[in-house]
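**Student:** Shown below is the structure under consideration.
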Amino acid sequence: MRHIPRRRFGQHFLVDHHIIAEIIHIICPLPGDRMIEIGPGLGALTQPLLNNLDTLQAIELDRDIVDYLSRNYAEKLVIHNVDALKFDFSALGEGLRIVGNLPYNISTPLLFHLSRFSNLIIDMHFMLQLEVVERMVAQPSTPDYGRLSLMLQNRFEMEQMLIVPAEAFNPPPRVQSAIVCMRPRVVPVIPFGLEKLFGEMVLAAFSQRRKTLRNTLRHYLTIKDFDQLRIDPGLRAENLSLEQYSAITRHIHKIR
């Protein structure tokens, strides 16, 4: 099949067989796994995954690709022709392993969507822009550390596994990519009931990165509150750990 990648779907198809083999080794698919592939494309990962699995669920929006996959992998592949951003992953049960070469144009909102189902997930392995992965795994007091780091690290432990060069794709993207492994925390750092407050407060904290917390969180905390939390209000948002943001969230919830 000659499929022209569609820009509106952010399609870049993986074609490097050495890289594909490395990714499959990292994922380590096993018979009995309840595995889901998001954006299978022309099956670069699909076939080697199926070689190790009893069945594979695939989520693909492009109708032409769905037709191709249906013809070539009908026996063990279950295809959902839907937008992954709107898909209810709880419909597939629990103990899920999710993989995929995620479309670059929806990767961040899709990660936030998937985080809602973290209690049903064993692990996730995704191909993403390298700069996105670096932001996901970033630590405090580094340039890449920000809201994305905190929101995802609250739910997942994450590790950058492999850098994938642009020439491994057709067409080559303008950026490097990387494989990230995400494993849900047994218990999120922020309780589920406080995540909305946590997200709003973190958004405010990073709204002006060069300003101090005294300014960015002035609608949430007084100097007395900072003293009680033992946090220097002269610090910037990037200087605080997830645990410190957790303490701030709980404190705000208590005093409201």
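A Cβ is built for glycine as well, from the same backbone N, Cα and C atoms used for every other residue.
As the structure is a computational prediction, the values presented were derived from the model and not from experiment.
The S-adenosyl-L-methionine binding site annotation in Swiss-Prot covers H12, L14, G39, E60, D83, N101 and rests on sequence analysis.
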**Student:** Using a Cβ cut-off under 8 Å and a sequence separation of 6 or more, which residues in the same chain sit near G39 (S-adenosyl-L-methionine binding site)?
**Tutor:** I59, E60, L61, A84, G100, N101, L102, P103
**Student:** Other than its own, how many Cβ atoms are within 10 Å of the Cβ belonging to H12 (S-adenosyl-L-methionine binding site)?
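**Tutor:** If we count other Cβ atoms within 10 Å of H12 (S-adenosyl-L-methionine binding site), we arrive at 22.
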**Student:** Among E60, D83, the binding-site residues in question, whose Cβ has the most other Cβ atoms within 10 Å in this structure?
**Tutor:** E60
**Student:** Of all the binding-site residues here, L14, N101, which one's CB has the most other CB atoms within 10 A?
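**Tutor:** Within the set of binding-site residues, the most crowded position is N101.
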**Student:** Can you tell me whether DSSP puts D83 (S-adenosyl-L-methionine binding site) in helix, strand or coil?
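**Tutor:** It is coil.
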